[in-house]
Every structure is written in structure tokens, then in C-alpha cells.
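J.: There's a structure below that I have some questions on.
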């Protein structure tokens, strides 16, 4: 059995186990800020990603076995400007190693229409693009930001959200639970995703987020995207330790 696990109860500056890309940074109060904040105010047209520094093997071409995994994290989205439209949201994603940050806005930094790469993602979308259903919503994304399945949720503005994402390799079901403790609300979504058909054997796992309107016409189309804690574990049958 090949296993990997890690746990960030909080984040430390100069954290060697994380790769920070574009505007992502770790604040002085140990929060992973995916998009830019200046003097406490989120900025527009910002994109950032944070990846676990080591690759994770999600399937084995020799045995055909696929890994099951579970990840838990807490996040907070603060929307100081309710008008016109806060944007855009954050995602947990799995993609091939060494991918470049994608387009911002509704592409969340994980998709580039001109040079796409395979990915699986769970989005927490706060802005309605032309391809989106009602907002905010949770979406399961496979190689596209047009989600295969969605469910709406009510955001606790500035509050803590707890997320559990589980993948069962035997059933190929990706299951997501979102909880806002202060509101007492729970949202769930699940879909079948065949990781072996979508992704290479080794991948990166992490987060990406973007604020809105690259044109700059609506500079209030923004919000914070903060990750407060993160754990991940995966097990791949029939192989040795990572």
C-alpha cells in the first residue's frame, strides 16, 4: 500500500512544503491568502495558486490500481463590496505536475482556453459567468470550468467554511461536504469521476482562486480567498510507500 499524508493546522511563511504561484502568499497571521489583499482590502484582477510541493501518485499503470483520497480544509471568503458582483471564487484542484497558472476571473487560474491541460476540481463559485447556474454554487469540474454537477449554497460572508472531499476508487465517486458552522448549514454534492481516464499517474494537488474583471471596469468585483487549514491523505493499493 502506497500512502501519503500531510496536515497544515496553520501556514508558516517560507513553508517549504508549499509552492505559491502568482499572488498567493502566507500572511503574518498564518493564513494562506490565494488572492491579493492590500491594507485589508481585496484587489480586483488577482489570481493565485498554492500547491503541495511533492507530486502525488493517483494511479499505477503497472497494476491498474487507483488511489482513494480524502482532503479536509477550512476557508473564508469575505466580500466587503456587495455591489456590483463579488467575484470569483476558489477551487481545490488536481492536475499534472508543473502546469502553468491559467486565466483568472471565472477560470479560477486553472484553465487556459488556448493551452488546456487535464484537471479535476471542486469549485466554490461566487460569480455567475455565462456558463454558470445560479450563484453561489459548488461545482465538480473535469477538464472544464463548466461543471458536470452543481449545487447552490448560501455564503457566510467572512465566516469559516469547513470542507471534506473524499474519492472512493472502488466506486469512482467524488463526494463533497461543505459546512458553515455559524449558520448551521450543510451542503453535499457527488459525481462519478474516473481519475485514471482524466489524469496522469502523478499529479499536483492544491488550491487556486481569482478575483474578477480583468478589464478593470468593475473594481469592486472582488473578495478574499483565504485557506485557514488543510489536510490530505491518499492510499494506492498494491505498491510501496511514497
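Any Cβ shown, glycine's included, is placed from N, Cα and C.
Sharing the features that Swiss-Prot gives for it:
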type     : residues : note
CARBOHYD : 45       : N-linked glycosylation site
CARBOHYD : 220      : N-linked glycosylation site
J.: Would you count the other C-beta atoms found within 10 angstroms of the C-beta of residue 45 (N-linked glycosylation site) for me?
T.: 19
J.: State the Cα to Cα distance, in Å, between residue 220 (N-linked glycosylation site) and residue 45 (N-linked glycosylation site), rounded to an integer.
T.: 10
J.: Quick one: give me the count of other CB atoms within 10 A of the CB of residue 220 (N-linked glycosylation site).
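T.: Around residue 220 (N-linked glycosylation site), other Cβ atoms within 10 Å: 18.
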J.: Helix, strand or coil for residue 220 (N-linked glycosylation site)? Use DSSP.
T.: coil
